[in-house]
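Contents: one structure, followed by commentary.
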Amino acid sequence: MPEMVDSNSTPSSSTGSRTVLLLLRVLTFVFLLIALILIAIVKQTDDETGVEIKFNDIYAYRYMISTIIIGFAYNLLQMALSIFTVVSGNRVLSGDGGYLFDFFGDKIISYLLISGSAAGFGVTVELGRGVPSNSFMDKANASASLLLIAFLFTAVASTFTSFALPKKD
């Protein structure tokens, strides 16, 4: 005689993947927030001239903060949609359009995040040549590192959204 399985005892794979996706979005949100705070507070005063240098004085750091803000806004929207989906069991954006929005949105945002991280790393290396390590470079490098980690979480989330795409024959 077949065994009866209680369907309420373990979550379905769909619920499990939605929860994992929400967790990835929360982690991305946290890392983007910390990266944003770090790059926004970074400043250095030149000992010789007394000129204060901030992130907005360097184009690559401006680009980096722009990618953080865009990623932050997108991720905030996706977190809200994910929370609604996990709590209610229904998607806000139903049909193929919602899945395509998730899929392409995650792809585009992940590419933006990695390009922002690369720009931050690149300019930090260039500016740091021949200069002893300082707080400005260390904080900017830490922000680029956190942005890289946020990219990794978004890339993994992108994999989950690609699995959710409706199968077309």
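Cβ coordinates come from backbone N, Cα and C, glycine included.
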Check: Ser17 and Val92 same membrane side, Swiss-Prot record: yes
Candidate annotated as N-linked glycosylation site in Swiss-Prot, where the set is Asn8, Asn141: Asn141
Secondary structure composition of the topological domain 'Extracellular' (129-145) [DSSP: H/G/I, E/B, coil]: 11 helix, 0 strand, 6 coil
Close in space, distant in sequence - Asn141 (N-linked glycosylation site), Cβ under 8 Å, 6 or more apart: Gly120, Phe121, Thr124
Summary of DSSP states over the topological domain 'Cytoplasmic' (88-107), given as helix, strand and coil counts: 13 helix, 0 strand, 7 coil
Beyond the flanks of the transmembrane segment (146-166) by at least 6 residues, Cβ under 8 Å: 17, 20-21, 24-25, 27-28, 31-32, 34-35, 38, 64, 67-68, 71, 75, 78, 96, 99-100, 102-103, 106-107, 109-110, 113-114, 116-117, 120-121
Integer mean pLDDT for the topological domain 'Extracellular' (129-145): 85
